[in-house]
Amino acid sequence: MAIGDRAMFTVLLLFIASISGFSVVRCVTDPSDVQALQVLYTSLNSPSQLTNWKNGGGDPCGESWKGITCEGSAVVTIDISDLGVSGTLGYLLSDLKSLRKLDVSGNSIHDTLPYQLPPNLTSLNLARNNLSGNLPYSISAMGSLSYMNVSGNSLTMSIGDIFADHKSLATLDLSHNNFSGDLPSSLSTVSTLSVLYVQNNQLTGSIDVLSGLPLKTLNVANNHFNGSIPKELSSIQTLIYDGNSFDNVPASPQPERPGKKETPSGSKKPKIGSEEKSSDSGKGLSGGVVTGIVFGSLFVAGIIALVLYLCLHKKKRKVRGSTRASQRSLPLSGTPEVQEQRVKSVASVADLKSSPAEKVTVDRVMKNGSISRIRSPITASQYTVSSLQVATNSFSQENIIGEGSLGRVYRAEFPNGKIMAIKKIDNAALSLQEEDNFLEAVSNMSRLRHPNIVPLAGYCTEHGQRLLVYEYVGNGNLDDTLHTNDDRSMNLTWNARVKVALGTAKALEYLHEVCLPSIVHRNFKSANILLDEELNPHLSDSGLAALTPNTERQVSTQVVGSFGYSAPEFALSGIYTVKSDVYTFGVVMLELLTGRKPLDSSRTRAEQSLVRWATPQLHDIDALSKMVDPSLNGMYPAKSLSRFADIIALCIQPEPEFRPPMSEVVQQLVRLVQRASVVKRRSSDDTGFSYRTPEHEHVDISF
C-alpha cells in the first residue's frame, strides 16, 4: 500500500510539473505582439496607469500587463479605456494579428489614426479622445468588425466608401466629429447594421442609402441632410432626425411620457408611422399636466433655439476667419479643384478646438502680415553625429548603398545589431530656406505611417549636418531587380509584379489622398521602390520633395537622373502635381510589364523611350503579348495582362486632367488581383501568343 501511495504521489508530482511547465511556456507572448505593445506604450508617453507595461522586454501575457488579455501566446484584447492616458497610437498596431478587441476610449489620445489598424478586430472603440484626420482606408479590409465607435473626436473629411466588405458590422458610431460630405454608398451593403449614430457632424445629401438596412436605432440629428426620410425607415424603433432640412418631417403624435432609455444626442422623435409605447401606458395624463408639458417644452425649445443661433453665428464668423488664414498657408501646387478642396478641409479643421498636446501645424499671422508656421513636434528619434559615424564606419565608401539628388545613402550597423539606412544630405543641394525648413520637413516625414512607405526613424542636425535615419530594407530595389542580369528578375513572377504595383499604388494613394495637405512625391521611380524578403514594396524618399529647390532651373537639375519618368507637363513648364506622380507610376508599371528601362540608349532609336514605344501597342492584343518581359516565360494570365495594360494607358495619358486619382488606380488593381489566376501561356513560331490553352496547362496560384 505504501509503495502504491508513493507511486501515486510520484505520478501526481509529474502531472503538476507538466502542467506548470505548460503554463510557463504558454505565458511567453508572441514577439511581434510584444514589440507592438512596446511601441504603443512609448507612443502613449509610458504612462504610470499602465501597470507592468515596459518599454523594452517583458511578457505581457505572463506578467499581467494592465488591460491585456491573451489566449496562449497571442494578445486578443487591449482595454485601456478611461485611464487618462495621452499621446498617440504608434505605428505597429497592425502587427497585432490576433487582436479582436481594442478599446482606448475615454482618454486624451491625439494625432491622426494609424493608417494600418489590427486587421482582425471584431470590436474597435476609439471614442472620446482627441483624434484628428480622417478614417484610414485600411478599415475597408477589417471585415470581421461587429462594433466600431469613433465618436467624440475631431475626425474630418468624408467618411469614405469603406464598408463594402463589412458583413458582420452591427453597431457603428461616428457621432460628434466633423465629418462632411454624403453618407458612403457602401453603407447600403452592410446587411447586419442595427445601430447607427452619425449625429453632430457636417454631413450632407440624403439618407436614402440607409433605407434597406435592418436598423433598430438611427440618429442623424444636427447635420445638413435634406430630401425625404425614406418610408422604409418607419419600422425603426428609435429614430432621431431633427437639426436637418428634411422635406417630410412627420407630425408628432399626442404627448407622452418619455421612456427610461436615452439615446446619445439629439432630441428623441417618435418613429415614423407608429407611436412609441410608454412603460406606463395604462396611466393617463390629466389635461393640466399635458398643458404644462406643452408650454414647458415650448419654453425650453425657445431657449435652445436662441443658444443654437448664437453658437452658429459665432461659428460662421470663426470659419470665415480661419478660411482666410488657411488659404494663405496652402501650397500653390495642384489644380484649382484640389486647392479648393484643401481650403474647405483646412477651414473645417481650423475651427476645431485642439488640446495643447496635439501635434498640429498652425499658421500665425504676424503684425507685418507675414505668416510664421509653428512646427509640429517631431516623433522621430534624434541621433548624434558621432553615433552615426561609428555605425557607418565614418561614412566609408564600402557602406554606400545608394545615391540620389540630395546625397548618398549609407548602410549603418549600430552596436545593438540594428541595421539602418542613413541618408546624408548634401547641404550644397539646399538653399538657405531649405536648411531652415529641414526640421519642419523632418516633422512631417516622421508622421508618415504606411506599410508600403519606408518609415523615417530618426534625424541629426549636429554641426550643420543634415542626416536622415530610415528603417533598412535589405533586398535591393525594383530597378536593380528588373534590369540586372541575375537570378533576381527570375523571382519576380507576374503575381509579384502586380503585388509591387498595388503596394506602391497604395503608398501614393496615402500621400495624395490621406495626408492633408497632399504630399507630392516628385521622384517616384523604380530605384526608389525597395523590396523586402517577401517582395513587398516600400517607397523611399517620401516627403523629401519639400527639401528640393522650387525654381524650374533647380528642379530640372534635381531630377535629371530621373529623365524618362518625367510627365509631359513638367518637361514643358516645370509644373509638378499629384497627377505627375500618377504618370510616373504608369511608367513604373510599364517597367514591370516589359522589363525594360524608361530610357535605353542601347536599343534602336524607335525603342529608346519606353513610353513612346509602348503606348501605341497597349490596346493591341498581339503586340501586347510581344511586349511582355521574356523572363516571365509565358507565365501570366491573358486577361490580367490586358487589364494591367489598360491601367497603364490611363496613367500615362499626356493630359494630366485625364489621369485617374490614385484611389481609382488602387481599386482597379485590387479588382485585377481578385480575378487573377496564373495560366501558363505558350508561344510558338507558328501561332504566336496563345490566349487559349488546354485545360491541363492551367496552374491555380492566384493571389
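Backbone N, Cα and C atoms are what each Cβ position is placed from, and that goes for glycine too.
Under the heading ATP binding site, Swiss-Prot lists Ile401, Gly402, Glu403, Gly404, Ser405, Leu406, Gly407, Arg408, Val409, Lys423. The annotation domain 'Protein kinase' is assigned in Swiss-Prot to 395-672. Summarising the annotation, Swiss-Prot assigns N-linked glycosylation site to Asn120, Asn130, Asn149, Asn178, Asn226 and lists sequence analysis as the type of evidence. The repeat 'LRR 1' annotation in Swiss-Prot covers 96-120. Taken from Swiss-Prot, the feature repeat 'LRR 2' applies to 122-142. Among the features that Swiss-Prot reports, repeat 'LRR 6' is placed at 213-233. What Swiss-Prot records for 234-256 is repeat 'LRR 7'. Taken from Swiss-Prot, the feature signal peptide covers 1-27, and the record attributes it to sequence analysis. The topological domain 'Extracellular' feature in Swiss-Prot is assigned to 28-291; the stated evidence is sequence analysis.
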I'd like to confirm something. Which of the glycosylation sites, Asn120, Asn130, Asn149, has a Cα closest to the Cα of Ser405 (ATP binding site)?
Asn130
Could you check what DSSP calls Asn130 (N-linked glycosylation site) once collapsed to helix, strand or coil?
strand
Can you tell me how far the Cα of Val409 (ATP binding site) sits from the Cα of Asn130 (N-linked glycosylation site), in Å?
38
I need the nearest neighbour of Asn226 (N-linked glycosylation site) among the recorded positions Asn120, Asn178, Ile401, Glu403, using C-alpha distances.
Asn178
Note the mean pLDDT of the repeat 'LRR 1' (96-120), expressed as a whole number.
91
Applying a 10 Å Cβ distance cut-off over all chains shown, what neighbour count does Asn226 (N-linked glycosylation site) have?
13
List the Cα distance (Å, whole number) between Glu403 (ATP binding site) and Asn120 (N-linked glycosylation site).
40
Just the number: how many Å between the Cα atoms of Asn149 (N-linked glycosylation site) and Asn130 (N-linked glycosylation site)?
14
Looking only at the repeat 'LRR 1' (96-120), how are its residues distributed among DSSP helix, strand and coil?
0 helix, 8 strand, 17 coil
So among Asn120, Asn130, Asn178, all listed as glycosylation sites, which is physically nearest to Gly407 (ATP binding site)? Use the C-alpha atoms.
Asn130
Using C-alpha positions only, work out which of the recorded positions Asn130, Asn178, Ile401 is nearest to Asn120 (N-linked glycosylation site).
Asn130
Same-chain residues at least 6 beyond the ends of the repeat 'LRR 1' (96-120) whose Cβ lies under 8 Å from its Cβ atoms:
30, 32-33, 36-37, 44, 69, 71, 74-90, 126-139, 141-142, 144, 149, 155, 354-355, 357-359, 447, 449-451, 510, 514
Write down the Cα-Cα distance for Asn130 (N-linked glycosylation site) and Ile401 (ATP binding site), rounded and given in Å.
41
